[in-house]
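Listed features, source TrEMBL:
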type	residues	note
SIGNAL	1-21	signal peptide
BINDING	C124, H126, E160, H184, H388	Mn(2+) binding site
DOMAIN	208-299	domain 'Peptidase M20 dimerisation'
Amino acid sequence: MGFFKWINFFMIFNFFSLSLSTNYLDEAKNPDVFDWMVKIRRKIHENPELGYEEFETSELIRTELGKLGIPYRHDQVAVTAVIAFIGTKKSPFVALRADMDALALQEKVEWEHKSKVPGKMHACGHDAHVAMLLGAAKILKEHEKEIQGTVVLVFQPAEEGGGGAKKIVESGALENVTAIFGLHVTPRFPIGEVASRPGLVYARSGFFEATISGKGGHAAFPQNSIDPILAACNVVISLQHLISREADPLDSQVVSIGSFQGGSAFNVIPDSVTIGGTFRAFSKESFMLLRQRIEQVITGQALVHRCNSTVNFFDEEKPFYPATVNNGELHKHFHNVAGNFLGINKVNDIPRPSMGAEDFSFYQEVVPGYFFLLGMQDPSQERLASGHSPYYRVNEDALPYGAALHASLATSYLLKLQHEVEG
Ligand SMILES: *[C@@H]1O[C@H](CO)[C@@H](O)[C@H](O)[C@H]1NC(C)=O
Ligand SMILES: *[C@@H]1O[C@H](CO)[C@@H](O)[C@H](O)[C@H]1NC(C)=O
């Protein structure tokens, strides 16, 4: 492209994305779309379903897509997933993703649409993510004739540890997709603002569980038992030394034990103790080394205390999540679109990656992907609880921002591809 063509392209592109975005936000705030999203979100909130059990959520999504006349695939894609298509149904394809699963948590917020399922709750906003992607679908359907390609909507199961994204990738549903976008609501930023960063965003993450077996007996006579509690305590302490003594202090890593189960009486040494935890690192090398050393430390420390042990890394049920890495070109696109849309001072840079994890990373292993945070805190209100709290609440006023951003990120990206081809 010559200099003037470039200028021309940027002017046209910015003009288009600006007018698209502002339209989309107005449309998303319109009661037609807004009230509808709120209703859907509340319905899903009342009936939370855990990973790979999102049967009713999936059915609700398909019903609404059907009413909008949007075709979708459902059979043989990651159990409950729904993959929908809007636009020319031809290349190029750009994907938008929402996760559908809830958490095993008892809701403690008293409100009209509180979870009706004891012990299950949407405490991470996935109900809002689904509603926003459906909102985007409704807006995009209205503009289907203007879409220069196909927007692929990915409603995925099991983000919370089950690796639903991995199953979607394995199903081949993203085969011809050029880019994928995903978002997460957060109380860390005010409503109307977004935050992200190029490159590393979240760590590589895995889970493990170990059973340490000794020999139970009366606690008054420890000499007749082999105490798995003391062995497990030493395991936990030794695992921390992997971080403090073996890892490079400049190469961030984490090992946390979140579960320690054993015994039930004050005067009985139990037969066994089961511990479980998570480990994180950014590079594959550090991660694999950590995994190997976790196993060695557990086995070795158990033996020191005359116990046997087994270690399970859940390779099938809870696959390792790769690191979440945002594509640099998509970062520019995001900045451009979100800046036009919200004002450039509302687009925040996250200064550092975090040890959190997101299974969006499975998509990023096969296609360029971009993940960002959508603010939902009303600055005049009390700070909303953070994710995975039984007091978690979603500010529904954020729904139009998510829906409109989804829609404009996709359509303007397709427009950009079109211009690149013509250029
Ligand atoms: C991807 O494109 C190829 C060639 O056009 C086609 O055969 C295939 O079915 C497409 N895959 C998907 C998942 O749409
Ligand atoms: C550990 O395993 C060995 C071999 O199976 C067995 O002989 C021993 O009794 C076990 N020890 C404990 C404490 O369970």
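Heads up, the Cβ atoms here are built off N, Cα and C, so glycines get one too.
Owing to the predicted nature of the structure, the values given are computational and were not obtained by experimental measurement.
Comparing the binding-site residues H126, H184, H388 on other C-beta atoms within 10 angstroms of each C-beta gives the minimum for H388. Within 10 Å of the C-beta atom of E160 (Mn(2+) binding site) sit 20 other C-beta atoms, taking all shown protein chains into account. Under the DSSP three-state reduction, H126 (Mn(2+) binding site) is assigned to helix.
Each of D99, D101, L103, H122, A123, G125, E159, G387 belongs to the same chain as C124, H126, E160, H184, H388, is absent from that list, and has a C-beta within 8 angstroms of the C-beta centroid marking the Mn(2+) site. When pLDDT is averaged over the domain 'Peptidase M20 dimerisation' (208-299), the result is 97. Annotation for C124 (Mn(2+) binding site): same-chain Cβ neighbours under 8 Å, separated by at least 6 residues, are A102, L103, E160, G387, H388, Y392. Each residue in the domain 'Peptidase M20 dimerisation' (208-299) gets a DSSP state, and the totals come to 38 helix, 31 strand, 23 coil. H184 (Mn(2+) binding site) carries a strand DSSP state (E or B).
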